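Working notes for the structure below.
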Amino acid sequence: MAITVGINGFGRIGRLVLRIALSRKDIQIVAINDPFIAPEYASYMFKYDSTHGRYSGEVSHEGENIVIDGKKIRVYQERDPVNIPWGKDGVDYVIDSTGVFKELDSAQKHIDAGAKKVVITAPSSTAPMFVVGVNEDKYTPDLNIISNASCTTNCLAPLAKIINNKFGIEEGLMTTVHSITATQKTVDGPSHKDWRGGRTASGNIIPSSTGAAKAVGKVIPELAGKLTGMSLRVPTVDVSVVDLTVKLLKDATYDEIKAAVKEAAEGPLKGVVGYTEDQVVSSDFLTDNRSSIFDAEAGIWLSPRFVKLIAWYDNEYGYSTRVVDLLEYVASKN
């Protein structure tokens, strides 16, 4: 029996989540809410995508609905989630991809509006975080509001899990070289909390903070306090890369590290982790649905306990795929 789902926030992640969910027979998207996007505009934004290409099916709008491949999806424009009629539409699960309602108190509004469970597509300081392939098995049905963490944590955590399980991680530093996102500026503009973040996105490499590495400690508790990192925003439209430099607890050759990642990518983490020895660049991973693709040729071994590891990720599409995977997992446990 299909689960009924509503999407709050029809931005980059919300639209890609819809694309991916439409390919899953066990998911029925019945409603979308975005206060800034009317049905006609929603259909246009869903149909055309500058990064991932045009939607392959039929898209139109009819009254208060968008129509995708003949199926109507109701569009609401409520600013406050408590006013979205999830209950009336029979919505059991809400994916909140606004980046605004990311804490337990604000996401609770979806429950108050009639939904049963909420998956937040952003890291949260109060909602429990889950990363598919890392700790989703710790989910219990009493948890009504959960977070899918960030795209970078979804790339880093599976790699850290593999390395920590096999060799142990004493400590590490991460840099993510990250594509442009919607919060950045097309030209220099005001950004009071992050002055550098207000500079022209297309013409600069912009250092930024990220909690992605520290968040690994929330999904892998034994790594709490052992990882931290930063972000460098670069002028590419999509696909990012994690540079993880770690001090190991056990001696390892680079070949042993490669073998451990390859074994996981072909076994228990297949579909979540990838492995490549090709001479790849970022655009080779556009619309890749994996969380973390280990670049065996780009890493550096300095000594038996000190290595640099590189992993690619489509920060839009790979992450959105995991959102849907986590939703399905939660539904299977309820």
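Using the three backbone atoms N, Cα and C, a Cβ is placed for every residue, glycine included.
What Swiss-Prot annotates here:
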- C151: active site, nucleophile (ACT_SITE)
- R12, I13, D34, R79, N315: NAD(+) binding site (BINDING)
- S150, C151, T152, T181, T210, G211, R233: D-glyceraldehyde 3-phosphate binding site (BINDING)
- H178: site 'Activates thiol group during catalysis' (SITE)
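Only T152, R233, N315, from the binding-site residues D34, R79, S150, T152, R233, N315, place their Cα within 10 Å of the Cα belonging to H178 (site 'Activates thiol group during catalysis'). Counting only residues at least six positions away in the same chain, the Cβ atoms of S240, Y313, N315, E316, G318, Y319 sit under 8 Å from the Cβ of the residue listed as 'active site, nucleophile'. Contacts of T152 (D-glyceraldehyde 3-phosphate binding site) defined by a Cβ separation under 8 A and a same-chain sequence distance of 6+ are given as T176, H178, T210, A212, A213, S231, S240, V242, Y313, N315, in order along the sequence. Take the binding-site residues T181, T210, N315: by the count of other Cβ atoms within 10 Å of each Cβ, the lowest one is T181.
Calculated from their C-alpha atoms, the gap between T181 (D-glyceraldehyde 3-phosphate binding site) and R79 (NAD(+) binding site) amounts to 22 Å. Neighbour count (other Cβ atoms within 10 Å of the Cβ, all protein chains): 17 for G211 (D-glyceraldehyde 3-phosphate binding site). All protein chains included, S150 (D-glyceraldehyde 3-phosphate binding site) registers 23 other Cβ atoms within 10 Å of its own Cβ.
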